[in-house]
Amino acid sequence: MTPGIRPLVAGNWKMNGKGESLTELRAIAAGLSSDLGRKLDAVICVPATLLSRAAETLEGETVGLGGQDAHFKTSGAHTGDISPEMLKEAGATHVILGHSERRTDHHESNKLICAKTEAAWAAGLVAIVCVGETASERKAERALDVIGDQLSGSLPDGVTAENTIIAYEPVWAIGTGLTPTVQDVRAAHAFMREQLIERFGAKGAHLRLLYGGSVKPSNAAELLGVADVDGALVGGASLKAADFLAICETYRNL
């Protein structure tokens, strides 16, 4: 944790969830309506098909709602894409950009992610920008170089703590059950903080840095207690309210 920075736990449902999944969303909102919700912020990033219904479900609740990607244009001939303005109209407050699955499956570059981030800001969305190295890059001892390049290329100059959140997700840990050591997480987050302060000054010191990659109730306390880890981007464990809330509960004792 970073003193003075309010923690955030964000859930990424990925390509999961249909109408019946809103029951889990209601349970998450109910669990965070108690004193627990005063200890942290929470956001759930659902598939685009659920956004409007999820917004209705979360009306009046403290839980934020996010999309999982957005185009850099406001409209046009981009079949299958969704603009930041569309996400905003559907009820989103946040959007994930640059997730490794987008970088890999759709060959998204840092330059493209930078353009998407600026577009998200223009629409009034908070951008959750993801960075992280592959297994081969870590084995070659290039993890920090890769993270640095992604931060440099994916972030526009207008970054503030209000419009941007950074999520470090080592690619090899996503959905595998594997997690880096506490020492590795600490080193990555310390490096990111250093790079952000060097570029953005005091603004970089106040950005929220999330850890993602096989975060679950059993390892949340260990990971979320690391210096400069200001929350988590949770994948599979966010699909079940009990698991997501158990991760949030970690902040009662940190």
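Even glycines carry a Cβ here, placed using N, Cα and C.
What you are looking at is a predicted structure, and each value in this text was computed from that prediction instead of being measured.
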From candidates Gly37, Gly60, Gly175, Swiss-Prot puts in the same substrate site as Asn12, Trp13, Lys14, Ser214, Gly235, Gly236 the residue Gly175
Within the same chain, the residues at least 6 apart in sequence whose Cβ is under 8 angstroms from that of Lys14 (substrate binding site) are Pro47, Gln68, Glu101, Gly235
Simplified to three states, DSSP reports Asn12 (substrate binding site) as strand
Students should find that the Cα atoms of Gly175 (substrate binding site) and Glu169 (active site, proton acceptor) sit apart, in Å rounded to an integer, by 11
